[in-house]
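Record features, source TrEMBL:
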TRANSMEM  45-65  transmembrane segment
REGION    90-152  region 'Disordered'
ACT_SITE  E306  active site, proton donor
ACT_SITE  D439  active site
DISULFID  C503-C532  disulfide bond
ACT_SITE  E546  active site, proton donor
ACT_SITE  E574  active site
BINDING   T663  Ca(2+) binding site
Amino acid sequence: MYPPSRKDFIALTLPDSSNHPYNNGKHRRQSCWRKWKQLSRLQRSLILFLLMLLLIFGLFSFPSITEQWRGFSDREGWLEVNDRGVRTIIPGGKSLSDQAAEKDPPPMVRPDVGSDTVEETRDQNIPMMPKPPIKKKGASKRGPPNLQKNVGAALPDAAEGEKKELIENEGGEEDKEEKIISWRGAMIEADQATEPPPSAVDKGPVAPVPVNPAPPEATGGSVDRLEVVRDTFRHAWKGYKDHAWGRDELKPISKSFGEWFGLGLTLIDSLDTMWILGLKEEFTEAKSWVEQELSFSKNTDVNLFETTIRVLGGLLSTYHLTGDQLFLDKAKDLGSRLMPAFNTPSKIPFSDVNIGKGTAHPPRWTTDSTLAEVTSIQLEFRELSRLTQEPQYQEVVNEVMKQVHNLGGKQDGLVPMFINTNSGQFTHKGVFTLGARADSYYEYLLKQWIQGGKTEDTLLEDYLQAIDGVKKHLVRQTGPNRLTFVGELSHNRFNPKMDHLVCFLPGTLALGAHNGLPGDHMDLAVKLMETCYQMYKQMETGLSPEIAHFNLQASDSQDIYVKPADRHNLLRPETVESLFYLYRFTKDTKYRDWGWEILQSFNKYTKVAGGGYTSINNVEDPTNPGPRDKMESFFLGETLKYLYLLFSDDAELLHLDKYVFNTEAHPLPIWPSSPK
């Protein structure tokens, strides 16, 4: 036996330290480490993998768990602990017993929770704790049941104290709205849009549902339809005044605004509508803004077409209706600032112009302008020349029409949708439509001829040839019920697709027939008017989709069907515009009844509590139409104006032998004689 070494001697003489309180943790760590080292590599890898999964799961679940409990605490109330025990209180410090005799306050919704919650004011000196979650029944909602899918609690309006219902948009529809930007003459992909990016105020998740009382019925007593239109306008104007005053467009759901050019588009677009409807108080407020706030001396790009038809047209028509020099002065200032758009090699104007810098350029994505853009500004520029006795405005737009008249690439009067600003030639030849990007070219051929006293034969020639081309190549009938519609032609291949924008055509055809053009134009107008009405009637909401497709097969199935990407409604005016013309010329009361049905549907599915109307995503789903949170300026400038004129018994109100309407429904006088 060997004598003990120094190390062994120390181990034998010193007390065992493994049980010492200061060494327990170290000993356990060493034991765990030895056990860990004894595991195989596969076992260690598996354990590490499971630990990572638990860590990742914990990180992802922590925010949702926190949010859930916060929602429970907000939603279910609080418990107060004091010397008398625990009692349930509601936010604001009042107990349930304290409020037994009080009316329940309107609930609030917090956008970060998205479910029934209560807006709280917590007293930091009162100890509170959340109650355990209790399952509750859904809160009762005001408004029709069809607007209550995915609805949260109601919002009390600060001004009116009335409830607003909320709905969360479906992600797919939201994505689709991001991709498309609407304008009067086209639907443009977002990466092609001339509209600037939304400002910070536009951002953020919002989804309140429209809340509205049931519209008055036409039966069971006399209804003043004109007063209903006025009330509709007042409601839309209230939303604009409260949340978007002086801005381009109202976002009625989020109670905010959108800016396109920063020119107060909705306000100016609405000026003549207010005058026609006799809304003196609203008109006076708007006029004060124009006088004190409207300035075109700003470094901003505007779209030539949109600014011309909405702002320049709106100012000119308001000048004619009121005789107020203010509006003509503003129109002249704007017109002079738009002129740089025509400084191109071909004299075909650029689509965009900076009204502050005096520079112009094509869209970011192409050197082309759309045909509707460059051929639907003539009524306004020609009238500006007549009023100011400055010929340059009329000269530049007449030059555009002259060039388009002489261009090759047409097919029986039908024109391609694009024209190059450098060469002055049509591009994308072989594609013909009366919808987006081409529609108002045909409209302005006729209306320029009427405006100028029916003396410009080239315009009439182009219009008549175009209508013959439409009848030859684009007009078809559905198989089931023989509805007449206008399709599209792409390299000699017919597409049974019709934009809602094409519903301007019945009114234009009727206007031509009223001015002595062939009688079969009116026959076609009546048939197309029926189809445009059916685009509303056959939808579950009673509102037309943006684009309809038609069934050419003889069968018992439906005439009209809608693709998912086309089922939105933007509050467009074209159908009620044509109803106005058809009623004025035929006095057939069915056109008034059709317009009344459409107005009722607007009030049922697009009216937003507190003010404003919103475009919707799905005309086929009355339970969830999907508010898009945007009220286009043309809803006030065109749609409601045409509805009022449709219901008015005053035949002298904007008599169609004295006025011609631009493509934004702004009336301009017909010239007594040809311009010098």
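Please read every residue number as a count from 1 along the shown chain.
Backbone N, Cα and C define each Cβ position, glycine as well.
Just so you know, TrEMBL annotations are computer predictions that nobody has curated.
Calculated from their C-alpha atoms, the gap between C532 (disulfide bond) and D439 (active site) amounts to 15 Å.
Here the candidates are the recorded positions E306, D439, C503, E546, T663. The one whose C-alpha lies nearest to that of E574 (active site) is C503.
Cα spacing between E546 (active site, proton donor) and T663 (Ca(2+) binding site): 18 Å, rounded to the nearest whole number. All protein chains considered, the CB of E306 (active site, proton donor) has 23 other CB atoms within 10 Å. For the pair C503 (disulfide bond) and T663 (Ca(2+) binding site), the Cα-Cα distance reads 12 Å. Cα-Cα distance from D439 (active site) to T663 (Ca(2+) binding site): 10 Å (rounded to the nearest whole number).
Between the CA atoms of T663 (Ca(2+) binding site) and E306 (active site, proton donor) there is a gap of 10 Å, rounded to the nearest whole number.
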